[in-house]
Amino acid sequence: MKTHSVFGFFFKVLLIQVYLFNKTLAAPSPIIKFPGDSTPKTDKELAVQYLNKYYGCPKDNCNLFVLKDTLKKMQKFFGLPETGDLDQNTIETMKKPRCGNPDVANYNFFPRKPKWEKNHITYRIIGYTPDLDPETVDDAFARAFKVWSDVTPLRFNRINDGEADIMINFGRWEHGDGYPFDGKDGLLAHAFAPGPGIGGDSHFDDDELWTLGEGQVVRVKYGNADGEYCKFPFWFNGKEYNSCTDAGRNDGFLWCSTTKDFDADGKYGFCPHESLFTMGGNGDGQPCKFPFKFQGQSYDQCTTEGRTDGYRWCGTTEDYDRDKKYGFCPETAMSTVGGNSEGAPCVFPFIFLGNKYDSCTSAGRNDGKLWCASTSSYDDDRKWGFCPDQGYSLFLVAAHEFGHAMGLEHSEDPGALMAPIYTYTKNFRLSQDDIKGIQELYEVSPDVEPGPGPGPGPGPRPTLGPVTPELCKHDIVFDGVAQIRGEIFFFKDRFMWRTVNPRGKPTGPLLVATFWPDLPEKIDAVYESPQDEKAVFFAGNEYWVYTASNLDRGYPKKLTSLGLPPDVQRIDAAFNWGRNKKTYIFSGDRYWKYNEEKKKMELATPKFIADSWNGVPDNLDAVLGLTDSGYTYFFKDQYYLQMEDKSLKIVKIGKISSDWLGC
């Protein structure tokens, strides 16, 4: 580790003292206030702001009584226990990324249940995000409109000039409509209800990283895969890369593979960079010309000077003052998000509090977010930004906002597109709740095939979408049941329910992806490892391991890496038995015993379930071992078996709905 030798003022002396103190005690980096970062709020401050913005609690008069009453409304909306208290689950919900429209009626957004009085709606894209190329943005918006035109008579036509019914733009913080954004995460976008003027307009926060939901979308130039997309992670010379790299080159240009294995396929292209091309402007895509002159000053890199929107640009000739030729600088593979660097790329290595960092770090933060400096020394320049993550799906967020632009309000159904909290869904389908809502406004799409109606005469067949399950209205066969961090979770498709009381009614449904992103929409089994309190999920022939809500690096992995034979293509259930701390994995009529300490399967297995677990059926749905209870529970269809751990005897057979779900 290296520190600067010259420190001209008190702050830098303080940095040395902090550095020496940390080195002596081997303590973690101190938490600091980053310039341009939003000030962390107390739970009470967060709640007052949240309830004011989304539930109408008066900002200056949200006293304890009003706060408690409004909190109950918010908790009811999200399927949480209606305590009126600021418990951990409520705070976690408030911190999740979401739409900026309110959850209760707000006449600035939705006056008098508005709708368009015509079926042909125009839209215009005024501005673009630098996170995606224009073609990808155009396609995302077109697909988002198609979500609604597929189930209604509405038809959407794009225009390039003049006033459209729906004007689409990106902006930061205060962007001209009186409803400012809030920086990275938090509030993602908002839209106004149908009507003249600002009615229908949809705005997206450009401090977010806009992707298609699975990380940066990088379209390459040149190479032998021109126009294709980077595939992250990819392998090159036996090493895994999660972003563009200059490895193997001596010209400094960043590149990526467009397949998972460059060593095998040899497909590559160059990642966006201002030395290769620019976007927009009037420079016809020409690369930046460095240095270039602007207002008499010389610039040797992209700048935001002369602009109020924070977008980086450059001259495409050596003299902008003379030629007036310019373009916007494309986001590079390591462009920062948020912070105060205006999208400038990370610079590695960089110095922070005297230490050298060769990659993104969470040092100095208490929220775990990864960041980097955009110069070689944060200590000198204090320029920084967040490192790219999975980002937010522009298609999904736009489809939600365009629902508002059609007149829909937020839905309490967590499986609905119109639910306020953002959740990435890989294979998206419009829910029945969304379809019902939009068709109440605009009737059924004329393209829907006619069929028998509810009355004696013919009528349109309603469009069907996935329905969110209700515990006591449907006989649910659960995909998995597990105790994780002291709570019992019940999983069904992409939904879950949770409770701390084994005999109390669980809260939910909640979307699994809001807690454990990157899982498939249906799991086969789940358990918590007692060694490290990691949650382990199984689906098909793979498994996922999570620390809290973060997927561990290198996952998912194949079942064979656990020691299961290749013929096991899925498992039925898994649990860790408190009696011996071993994990038992069930598939069909067999089970395996896994040693968590040694991280290996025990040689004595597999065995037949019937030979060791008297009375336990084959093809289980789930197994739950309750901590310190002395019992294990086996779930099959609508019933469960309670086994006493000490005697291995089944002591009870009961109905899941009445004994576990409070029905």
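The backbone N, Cα and C atoms fix where each Cβ goes, glycine too.
Binding site for Ca(2+) 2 per Swiss-Prot: Gly197, Gly199, Asp201, plus Asp165 from the candidate set Asp161, Asp165, Asp246. Among the candidates Cys57, Cys62, Cys99, the one that Swiss-Prot lists alongside His400, His404, His410 as binding Zn(2+) 1 is Cys99.
Looking at Cys288, Cys329, the record from Swiss-Prot puts Cys302 in a disulfide bond with Cys329. Cys472 is paired in Swiss-Prot with Cys663, the candidate among Cys288, Cys314, Cys663 named as its disulfide partner. Looking up Cys244 in Swiss-Prot gives a disulphide bond whose other cysteine, out of Cys230, Cys271, is Cys271. In Swiss-Prot, Cys360 is paired through a disulphide bond with Cys387, chosen from Cys346, Cys387. Of all the disulfide-bonded residues listed here (Cys244, Cys346, Cys472), it is Cys472 whose C-beta has the fewest other C-beta atoms within 10 angstroms. Within 10 Å of its Cβ, the residue among the disulfide-bonded residues Cys288, Cys663 with the fewest other Cβ atoms is Cys663. Using a Cβ-Cβ cut-off under 8 Å and counting only residues 6 or more beyond its ends in the same chain, the motif 'Cysteine switch' (97-104) has close neighbours at 53-56, 73-74, 77, 179, 181, 185-191, 392, 397, 400-401, 404, 409-410, 420-422. Distance noted between the C-alpha atoms of Cys663 (disulfide bond) and Cys271 (disulfide bond) is 56 Å. Put simply, of the disulfide-bonded residues Cys256, Cys288, Cys314, Cys346, the one whose Cα is nearest the Cα of Cys387 (disulfide bond) is Cys346. Checking Cα-Cα distances from Cys329 (disulfide bond) against the disulfide-bonded residues (Cys256, Cys288, Cys314, Cys372, Cys472) with a 10 Å cut-off leaves Cys288, Cys314, in sequence order. The Cβ of Cys256 (disulfide bond) has 27 neighbouring Cβ atoms from other residues within 10 Å, across all protein chains displayed. Residues within less than 8 Å, Cβ to Cβ, of Cys314 (disulfide bond) and separated from it by at least 6 positions along the same chain comprise Glu274, Thr278, Cys288, Lys289, Phe290, Phe292, Tyr299, Gln301, Cys302, Thr303, Tyr326, Gly327, Cys329. In this structure, Cys360 is the one among the disulfide-bonded residues Cys302, Cys360 with the smallest number of other Cβ atoms inside 10 Å of its Cβ.
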